[in-house]
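Beneath this line is the structure, given in structure tokens, with notes to follow.
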Amino acid sequence: MAAKISTKSALIVFLAVLSISQCCYGKLEFGSYKETCPNVENIVFKVVKEGFIKDPSVAPAMIRLYFHDCFSNGCDASLLLDGTSSEKKATPNLSVRGYELLDDIKTALENDCHGVVSCADIIALATRDLVTLASGEKTRYEIPTGRLDGRESTALSVDLPSPQLSVSQTAAMFAKRKLSVDDMVLLLGGHTIGVAHCSFIKDRLYNFKNTNKPDPSMDPKLVQELRGKCPEKSSTDGIINLDQDFSSSNIVDVSFYKQINSSRGILQIDQELANDGMTKKMVTDLAKGNDFLARFGQAMVNLGSVGVKDEQNGEIRRSCRSCNNLFCTK
Ligand code: HEM
């Protein structure tokens, strides 16, 4: 009898765990809008696809926006709030783009199901769709929803890593958000697409750590190529591709890891991933294997669960640019 009961209880526990693992992700849930806004994913994809066709560079822009929003104060769309000293005014956010596409998606969703879908979920869904489109539809990950929009956004609270930090310092910042070293290596694979301003790498090209020499970890041929695009003395801040394989610099794929394995990383932190003992084996394995796209998707889901708000500190905003209550902090 005792054996029967324990088998039965074990089965119940097993089924409960199974249903949780298929249903929810922290406070988030797959298909959380299926009753309240069943068309949400189709509407987001339609608007995103139109935006991507008009300007494919919205893909890297949105991937970066998602990272900057989630990393500072959680995935709560606090980066979207307009204000004289809101998050978008912080220095690392000044070159963040993608706000207009998010406004278009919000308008389309408000027309279909008013006051239901949060701006934080719109960012997560739009980013997922842009990863799909920019991979040439080679990947698509499911992303749980149910995020609420934050009511606080201050430039002073923005806490993002600088490209000059070491791998262990960067890993510590990820760990604070419950993101593992593996998540960090995979998420930095986001630098498979998009651009960086010359100002972020001039030290690597001309005066690395005040040596008056270039960064010795950069392929000397690449140093020469990049010096051509980023002259030491220039009145403008040029841009260069983060993925130096020109056949794939606009495609989400594994080539970022191949580039850094050949000393052709652009940002200092990118290159350090391939050189640091903590991460180099993973980089080599990713560069050789064919599972980057699926693993990147899982890491993006993990990033999307950072600091999700509850009813006490979150809401469904009417406009992504302002919170519902006039007295929110920004
Ligand atoms: C240690 C962490 C990171 C650092 C230090 C970092 C730094 C940077 C810098 C300096 C730029 C260039 C910005 C500019 O010139 O305007 C950039 C661009 C970008 N970052 Fe990161 N990043 C980090 C992590 C991530 C992660 C985790 C993702 C993706 C989930 C990501 C996605 C991107 C993308 C897609 C761009 C290109 C944006 C565009 O073309 O508009 N970054 N990043």
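First residue shown is number 1, and so on along the chain.
Cβ atoms here come from the backbone N, Cα and C positions, even for glycine.
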Seminar exercise, completed: If you consult TrEMBL, the disulfide counterpart of Cys320 among Cys119, Cys198, Cys230 turns out to be Cys119
For this session: Regarding the disulphide bond with Cys37, report which of Cys70, Cys75, Cys113, Cys198 TrEMBL records as its partner.
Result: Cys113
Exercise. According to the record in TrEMBL, which candidate from Cys198, Cys323 pairs with Cys230 in a disulphide?
Worked result: Cys198
Exercise. Among the recorded positions Cys37, His68, Asp69, Glu87, His191, Cys320, whose Cα is within 10 A of the Cα of Cys75 (disulfide bond)?
Worked result: His68, Asp69
For this session: State the mean pLDDT for the domain 'Plant heme peroxidase family profile' (27-324).
Result: 97
Seminar exercise, completed: Densest Cβ environment (other Cβ within 10 Å) across the disulfide-bonded residues Cys37, Cys113 belongs to Cys37
Exercise. So which of Arg64, Asp69, Gly74, Cys113, Cys119, Pro161, listed as recorded positions, have a Cβ under 6 Å from an atom of ligand 1?
Worked result: Arg64, Pro161
For this session: Taking the Cβ of Cys230 (disulfide bond) as the centre, count every other Cβ atom within 10 Å, in any protein chain shown.
Result: 22
Problem set entry | Pairwise Cα distance for Asp253 (Ca(2+) 2 binding site)/His68 (active site, proton acceptor) [Å, integer] | 21
